[in-house]
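J.: Per TrEMBL, the features are:
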REGION    B:1-26  region 'Disordered'
TRANSMEM  B:35-58  transmembrane segment
DOMAIN    B:92-304  domain 'ABC transmembrane type-1'
TRANSMEM  B:96-117  transmembrane segment
TRANSMEM  B:124-149  transmembrane segment
TRANSMEM  B:178-202  transmembrane segment
TRANSMEM  B:234-252  transmembrane segment
TRANSMEM  B:287-308  transmembrane segment
Amino acid sequence: MATLMLPLLWMFGMSIRPNEDILGAFSLIPQRVTFDNYVTFFTDSAWYSSYLNSIIYTSLNAVMSLTVALPAAYAFSRFRFAGDKHLFFWLLTNRMAPAAVFLLPFFQIYQSVGLFDTHLGVAIAHMLFNVPLAVWILEGFMSAIPREIDETAAIDGYSMPRFFIRIFLPMIRSAIGVTAFFCFMFSWVELLIARTITSVNAKPIAATMTRTVSAAGVDWGLLATAGVLTIVPGAIVIWFVRNYIAKGFALGRV
Amino acid sequence: MTVVGDQVSGEVVAPEPPVEEEQSYAPPKRRTNRAWWLVVPVVVSVAFTAVIPLMTVVNYSVQDVFSPVDRVFVGLEWFRAIARDPEVHAALVRTLLFSLQVLLLEIPLGVALAVVMPRRGMGVSLALVLVALPLLIPWNVVGTIWQIFARGDIGLGGWTINNVLGINFNYTLDSTDAWITVLLMDVWHWTPLVALLAYAGLRSIPEPYFQAAQIDGASAWATFRHIQLPRLRGVLTIAILLRFMDSLMIYTEPFVVTGGGPGNATSFLSILLSKIAVGQFDVGPAAAFSLLYFLIVQVICYVFFTVLTRSGR
């Protein structure tokens with residue numbers, strides 16, 4: 001656990017010292033502490049607006065991915081239908097596609113349909129790998145819930161949609177929490193696609209970070225600061241879903 | 001004389017109905033094609049984000065593109081060239097080797113981490129957030145952190161190895177060191193994913209199981225082997241496949257740390273691909289390469305997928 005934290009602590013250490021000290025000589029504890037890097041981050045609109053951009057499209061992506069994935073995961077876990085197994089695997093294959101493959105086509109298609117450089121555009125593009133993931137994780141969790149529950153509800157007179165929303169969704173809320181977190185995470189850290197299909201308005205934070213590499217060399221301190229701050233939204237998200245991960249599933253409680 | 005009916009019927013035993021594959025606990029899944037309606041949104045979204053772009057790539061892979069208006073159909077020429085390229089073969093071997101090492105290290109580590117993570121109290125939230133942190137850093141930043149971290153002069157990790165352990169370690173010059181750096185970075189970066197999934201799986205085990213095990217005087221190992229591990233099968237399948245697929249496509253982090261070098265020591269398939277696509281701007285060969293790459297990954301994953309999902313049933 002401690003070794004896990006070392007590089008992060010190191011990064012935090014870098015973010016609160018001036019650049020000369022970072023490059024000057026090795027030292028474990030910062031000699032001079034400065035918050036200039038943080039000030040720069042929050043006063044430069046290029047930094048904080050791209051930070052907001054990332055938050056917007058990531059949240060949008062998580063919501064959209066879950067919305068389409070929930071019914072599909074239910075179908076895969078409860079019914080057998082023509083081609084179900086092939087379809088399931090085909091969905092997964094999209095998770096395996098190297099992002100580099102899609103760069104050029106994405107660029108062209110998004111330009112032509114007007115999704116280029118919009119939050120919605122990035123959110124949709126990231127559904128490429130998040131939807132299969134969401135379906136997959138949700139299916140696994142749903143299959144762990146006995147099918148008898150569906151049948152009991154049907155006998156009790158619940159219609160399918162009502163059963164799904166009133167009984168089933170609350171039962172798998174831990175799974176939804178976990179899935180939302182993973183969607184958020186993968187969308188948050190993805191750079192290649194997000195950078196290709198944005199220019200200004202929806203530019204992600206990760207792309208802004210490459211800006212620190214200038215003719216004068218790398219601004220390590222500012223980069224480390226941005227790195228530290230990129231962890232914050234995710235940490236908040238996982239803080240909120242922690243109970244869902246921790247409580248476990250409502251198996252057998254109904 | 002009448003036939004003894006009992007005897008006859010007793011001998012002719014009706015054959016057992018074929019056992020369903022997922023016979024385990026529940027009644028068999030209902031067979032209905034109306035379930036397709038539930039899948040439609042997913043199919044539509046994936047069609048837009050995956051199928052249409054993929055068609056474009058297929059289109060490029062059979063043409064020699066000089067400019068947007070000037071292109072020639074070349075058939076399977078690019079595929080032939082890529083499939084014969086020794087550099088591609090080397091990169092493929094390297095990528096597979098890397099993926100296997102990643103799996104062997106990360107899965108046991110992740111499960112171990114999940115087992116020792118606290119199960120109740122304030123520690124739960126704290127442990128979850130701390131474990132998840134590496135996952136939340138954009139990939140290029142992960143690369144950057146490790147690039148500095150592993151440096152012998154100013155990085156904590158590299159400095160420690162050189163000056164405290166007394167081993168001469170330099171990932172920019174030595175190919176083994178570069179490999180180890182990238183591998184360690186990946187383990188650091190992705191073990192938390194396995195741990196989180198495994199932890200979620202472990203939490204689904206009802207408490208009475210553990211109480212019963214305790215009463216029976218089961219050792220920690222026996223509890224793990226017979227109660228926790230079997231229950232983890234589902235999430236571990238996801239974790240293994242996810243890690244396998246992603247490690248086959250790893251790009252950003254090693255690119256930032258080593259740029260594929262020294263020499264070609266850490267040139268994985270994706271790095272080679274982007275060299276061809278962006279570095280040399282050969283759209284045709286790059287498209288053919290990416291399709292072959294895609295295909296190889298799929299075939300391997302399909303085998304993996306079937307083995308993993310069949311074995312437990």
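Using N, Cα and C of the backbone, Cβ positions are placed for all residues, glycine too.
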J.: Can you say which of B:96-117, B:178-202, B:234-252, B:287-308 has the most Cβ pairs under 8 Å with the transmembrane segment (B:35-58)?
T.: B:287-308
J.: For the transmembrane segment (B:96-117), name the stretch out of B:124-149, B:178-202, B:234-252, B:287-308 with the most CB-CB pairs under 8 Å.
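T.: The stretch with the most close Cβ contacts to the transmembrane segment (B:96-117) is B:178-202.
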J.: Please report, as numbers and ranges, the same-chain residues at least 6 past the borders of the transmembrane segment (B:124-149) whose CB is under 8 Å from any CB of it.
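T.: That would be 113, 117-118, 155-158, 181, 184-185, 188-190, 192-193, 195-196, 199, 252-257.
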J.: Which residues of the same chain, at least 6 past either end of the transmembrane segment (B:178-202), have a Cβ under 8 Å from a Cβ in it?
T.: 98, 101-102, 105-107, 109-111, 113-115, 117, 128, 131-135, 142-143, 146, 150, 171-172, 228, 231-232, 234-236, 238-239, 242-243, 246-247, 250, 253-254, 257-258, 261-262, 265-266
